[in-house]
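See below for the structure under consideration.
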């Protein structure tokens, strides 16, 4: 994981699984290699193995459950996604919230397994406290902006700048900005405000030409870090 970080969360859209997901992943892989910018794909658990076999990009889980090995029907464990080929996982996404003690447990297990961790928080006040648990990155997403097309970098730039101030108190942890990021200009502003990368979902997954959206994000990110 290195800046500029771009993570695309596939969620559970029509094109999030099966051949459609693989084809999208291959298109993103091609653009990623063209610009030498690594893109992380966070996919449904049922797609981790196939995506990791057919797409040459880091595949992350969208969520893992904070339960041990044992009698937990339907649970998706860190050990399972690791075995399926995942390189990391999202933790505590706004659509899959965990308690603080559960986050601590999951982070300990992902570290032990060698999985990268992207911990999601919904406000900047949580950045420093959760940075003490040493995730690889913290993704800040005001939930009211998720999926709206109104980006955090435009609507609430102070959320990013304050989160940047908080992340600087801990060494070696990246800050990723998410929620409503739709255009290349949103990406550019987020990185210029101090974020190390961006997290997106619907802007790519619901786009008519997702590869063009991804290319716009990459070129905007590169422009931000080089200017």
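Heads up, the Cβ atoms here are built off N, Cα and C, so glycines get one too.
Database features (Swiss-Prot):
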ACT_SITE  93  active site, electrophile
ACT_SITE  141  active site, proton acceptor
BINDING   9, 10, 11, 146, 180, 201, 202  substrate binding site
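Sorted by the number of other CB atoms within 10 A, the binding-site residues 9, 202 start with 202, the lowest. Residue 93 (active site, electrophile) has its Cα within 10 Å of the Cα of these recorded positions: 141, taken from 10, 11, 141, 180, 202. Around the Cβ of residue 10 (substrate binding site), a 10 Å sphere holds 23 further Cβ atoms from the protein chains shown. In this structure, 11 is the one among the recorded positions 11, 93 with the smallest number of other Cβ atoms inside 10 Å of its Cβ. Cα spacing between residue 141 (active site, proton acceptor) and residue 11 (substrate binding site): 15 Å, rounded to the nearest whole number. Within 10 Å of the Cβ of residue 201 (substrate binding site) there are 24 other Cβ atoms, across all protein chains.
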